[in-house]
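Undergrad: Feature table excerpt (TrEMBL):
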| type | residues | note |
| --- | --- | --- |
| BINDING | Leu104, Thr105, Phe132, Pro133, Ser134, Asp135, Asp217, His220, Tyr242, Trp273, Asn301 | pyridoxal 5'-phosphate binding site |
| DOMAIN | 162-258 | domain 'Aminotransferase class V' |
| MOD_RES | Lys243 | N6-(pyridoxal phosphate)lysine |
Amino acid sequence: MFQNTREYAQQLDSQDKIAQYRNEFIFPKVNGKQVIYFTGNSLGLQPKRTKAYVDEIMSDWANLAVEGHFYAEKPWWDYQERFANPLSKVVGALPSEVTVMNTLTVNLHLLMVSFYRPHGKRYKILCEEKAFPSDQYMLQSQVKFRGYNPKDAIVEIKRREGEHNIRHEDILAKIDEVGDELALVLIGGVNYYTGQVFDMKTITAYAQSKGAFVGWDLAHAAGNIKLDLHDWNVDFAAWCSYKYMNSGPGNVSGIFVHQMHHADPEMPRFAGWWGHNKERRFKMEPQFDAVHGAEGWQISNLPVISLAPYLASVEMFDEVGMDALIEKRDKITSYLEFILGEIQKEINGDFEVITPSNPVERACQLSVYLHGEGRNLFDYLMKNGVITDWREPNVIRLAPVPLYCSFEDMYEFGQVLKAGIQALHP
Ligand SMILES: *Cc1c(COP(=O)(O)O)cnc(C)c1O
């Protein structure tokens, strides 16, 4: 069993096989002290090696100008191909099934062109209740664009009264209920608010057996959980790279399109020259001939200055490997849960972890409902160097990111939390 002492936390750090990666990141400071950073699920920290990747593009541009497209050491015209191998390992795909382009919501819109094809009575989309707002707006606008009413065409899977998480059996029941009206299932693989992880394999197979396409928004999953998108037979997926994948604010998104769709000539899509047959891209032909792979969904030539930080990060993930990351993730998340429980016992704190306690239904994040404390406690934590985020009505989200958080951070956090609650309720 764990212990709530600094010595014990330091001992866990000394046994941590990936502890050295903490030194690869730049931590902001509060009151001259390195922060405890719990918001890597919102914006990951900057890796120290990233700047060199960006500087490389800047000097190639300075020294080579247009020639950089072909003669830079990492040529720009096919820079995105450097992601195929390492990124495919992060999401469990074939290299040809992934690529990087645009931003997340934009990519979801583009993938809807291919995978939301309502016809006859099959026009409904199934999603989770209180999906991330951008996903809700995206779905509503797509449905309206196709001439349907969102109130009718978008079906939400709800939480049961008084429960914080969605039950797996309720998802399957909803798929049954919508039945042959179901065109598409699009859910966040890891819920941004509660941190709940969905059983993507089962849900994908079940909805496909009813004739629907299945896509996943992996914003909170990429770089956080074990994904096997190819083997799960997922139709498509997209994720951003600035959360667990540390590529910098608002940066480029990744997409997955299953191999089974690569050569389908009937697949509708919005096309551009970067999705055109690579051997003939610069022949400037009038007829579009899609690359057979996720790259067939590319549109424009790529923002290489933005891709550079993502490449730095993807290569780091490749070095570490998802298995080592997940091993530490489970341990540090359990340790954080233990610390929260200990502090609660010591001072009778009025808060509750709403993330599922079942380890297969959660990953890095613990969401804590502050019943008694509220916003003042959040402000206290921030002022004292614990960076978390606040979500209405009364939730703070804590992501002990395994790449750069330490076990000692968890112990230290417990002490700040305790002092904060005591200061607010003297
Ligand atoms: C973070 C997040 C987004 C953000 O979308 P952008 O297009 O990158 O601004 C969208 N959906 C989910 C589920 C997210 O967690």
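The backbone N, Cα and C atoms fix where each Cβ goes, glycine too.
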Undergrad: Three-state secondary structure of Asp217 (pyridoxal 5'-phosphate binding site) from DSSP?
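TA: Going by the DSSP assignment, Asp217 (pyridoxal 5'-phosphate binding site) falls within a strand, counted as strand.
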Undergrad: By DSSP, what is the split of the domain 'Aminotransferase class V' (162-258) into helix, strand and coil residues?
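TA: For that range the per-state counts are 24 helix, 24 strand, 49 coil.
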Undergrad: With Cβ-Cβ distance below 8 Å and at least 6 positions apart along the chain, what are the contacts of Tyr242 (pyridoxal 5'-phosphate binding site)? List them in sequence order.
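TA: Long-range Cβ contacts: Leu43, Gly44, Gly248, Pro249, Gly250, Asn251.
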Undergrad: Could you list, ordered by sequence, which of these binding-site residues: Leu104, Ser134, Tyr242, have a Cβ under 6 Å from ligand 1?
TA: Leu104, Ser134
Undergrad: With every protein chain in view, what's the tally of Cβ atoms within 10 Å of the Cβ of Asn301 (pyridoxal 5'-phosphate binding site), excluding that atom itself?
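TA: Around Asn301 (pyridoxal 5'-phosphate binding site), other Cβ atoms within 10 Å: 15.
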Undergrad: For the domain 'Aminotransferase class V' (162-258), what's the model's average pLDDT?
TA: 98
Undergrad: Cβ distance under 8 Å to Asp217 (pyridoxal 5'-phosphate binding site), same chain, sequence separation 6 or more: which residues?
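TA: Result: Leu104, Leu108, Ala131, Phe132, Asp135, Leu186, Ile187, Gly188, Gly189, Ala237, Ala238, Trp239.
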Undergrad: Could you list the residues of the same chain, at least six apart in sequence, whose Cβ is under 8 A from the Cβ of the residue listed as 'N6-(pyridoxal phosphate)lysine'?
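TA: Same-chain residues close to the residue listed as 'N6-(pyridoxal phosphate)lysine' (Cβ under 8 Å, separated by 6 or more) are Gly40, Asn41, Ser42, Leu43, Gly44, Ala219, His220, Ala222, Gly223, Asn224.
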Undergrad: Are there any residues at least 6 positions away along the chain from Ser134 (pyridoxal 5'-phosphate binding site) with a Cβ closer than 8 Å to its Cβ? List them or say none.
TA: Leu104, Thr105
